[in-house]
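One structure below.
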Amino acid sequence: MKILTILSICLMWMGCLSAQQNLSALVPMPNYIETQEGKAFVVTEKTQIVITDASLQFEAEELQRVFKAQMGLKLNIQTGGVKGKHIYLKAEGQNESLEHYQLQVQPKRIEISAESSKGVFYGIQTLAQLLLGDAENTAHNRIAPVVLEDSPRFAFRGFMLDVARHFLPVSDVKRFIDLMVRYKYNVLQLHLTDDQGWRIEIKKYPQLTKVGAFRDEKGGDQGPDNGFYTQEQLKDIIDYAAERHVEIIPELDIPGHTAAVLAVFPEMLCQRPDTVEVKIGKTTDVMMCASNECGYEIYRDILTEVAALFPSPSIHLGGDEAVIEKNWEKCSSCQTLKEKLGYQKSSDLMNHFFGKILTTVRELKKEPILWCELNNLWMPADSYLFNYPKDVTLVSWRAGLTPLCHELTQRSGNPLIMAPGEYAYLDYPQYKGDLPEYNNWGMPITTLEKTYEFDPAYGGKFGEKHIKGVLGTLWSEAIKDFNRVTYMAYPRGLALAEAAWTQMEHRTWDSFKQRICPNLYQMMKDGISFRVPFEIFSSYVCN
């Protein structure tokens, strides 16, 4: 029965593609597109991919793969000096945006021009979708004439993969990168440390992975899960991503979400009247002590290795869900420090804690990112949890509080990344009845349509100049493997890609519903797990 259902969906999508020759598969929708009259460009075995210089070799090979997959033709790559009916890739545009590109399909040539190889790469992804959406022409090795000029609304367009709670091997991270770049995502944040695991090799402290990367206990909130990335493996991921114009940002969550590191270094715990047995994956109400100098010294060493390993200008340091009332509030040395510094509340100690941590980050020439925490977990709230320095990029995440974060960052001057729970938390169920198989803590439902409604500027009331972009998060409390990762990420990841790239005036839900059809069919052909959006097809008839 299940096989028949999948087959019927395949046939329906194939019908979509054949019944409407010019059905678009463009996701995200380009910000300028002009269809042209006239003859199509015909691709033959003699057609060549011509590049201006060797800096575009990878992009040319990417385009070579596209034509092999879509038309069964292996096109030769040539560098300069070739004239005729060919495909030309040029990184010599005049637009100041490095992600801007222009794609022109004419009867006698195809040209993708940009300021940089990154722009050329995005133009290739768009051309691949033109082939995918125009199945009849593609089947006859034709490409209809068109002109596109495009650049993104926001510079930061990312996913966050939580590999701390459930580990993903290097091969799966690479597969995820391959998929996300189709839709012009350019940042992958790796959540490398949490209560449930420490997943990055630190050479000065090998016990971090010897102990912190292994969670063998059965039962509990997460169950067994083992693994970590060596620094060589992370370099491999970073290089792989860089070829595809993706920046890898490391996240090491502090001062909360630290059971894995505290299991290795219990001396970083607060002095509490109760006794805490720290168990990886089972203890979540502990955090680093604000008054204990050894914690700052250990993290100076850790951050020094992390900064040297990751070329990204940014390091994400968490800062969320710190259980202050169960730790700093009960710690006599923290309370003494609070009085010495003249603070009124224990949460004010976050100023001291991150003051010391951020000094290290700045000395390492890195830019800090933190989750945006307010003085209440829900409305009414009216201020930050503590005084974030202006050089800290904040990430809005708590459902219902993003409009206030938007307003506060606009006033304070902090750059802002949008990851609001009600739109961008992709670990949330996608439809009623689609709850996770285990560890469901009452997650709210975020439908595909809900995600598509997301305007990162929230109507522009507080402007958008301070908004860096959009982040889709995949927390893995209930995500055990790669198939579940992509199932939760897509098709909502397509909606989020459009929110990050496309200006609001070029976005419509009815258009998007049609454009995702061939993209999902391609995912099925590629063996990628995703949630079939039955609710769309029940009301959408291909014609």
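Glycine is treated like the rest: Cβ placed from N, Cα and C.
Values in this document were obtained by computation on a predicted structure and should not be read as measured data.
The signal peptide feature in TrEMBL is assigned to 1-19.
As annotated by TrEMBL, domain 'Beta-hexosaminidase bacterial type N-terminal' applies to 25-150.
Under the heading domain 'Glycoside hydrolase family 20 catalytic', TrEMBL lists 154-503.
Mapped onto three states, the DSSP output places Glu321 (active site, proton donor) in coil. Taking a C-beta cut-off of under 8 angstroms and a sequence separation of 6 or more, Glu321 (active site, proton donor) has the following same-chain neighbours: Gly256, His257, Glu373. Residues annotated as active site, proton donor in TrEMBL: Glu321.
Confidence across the domain 'Glycoside hydrolase family 20 catalytic' (154-503), taken as the mean pLDDT and rounded to a whole number, stands at 94.
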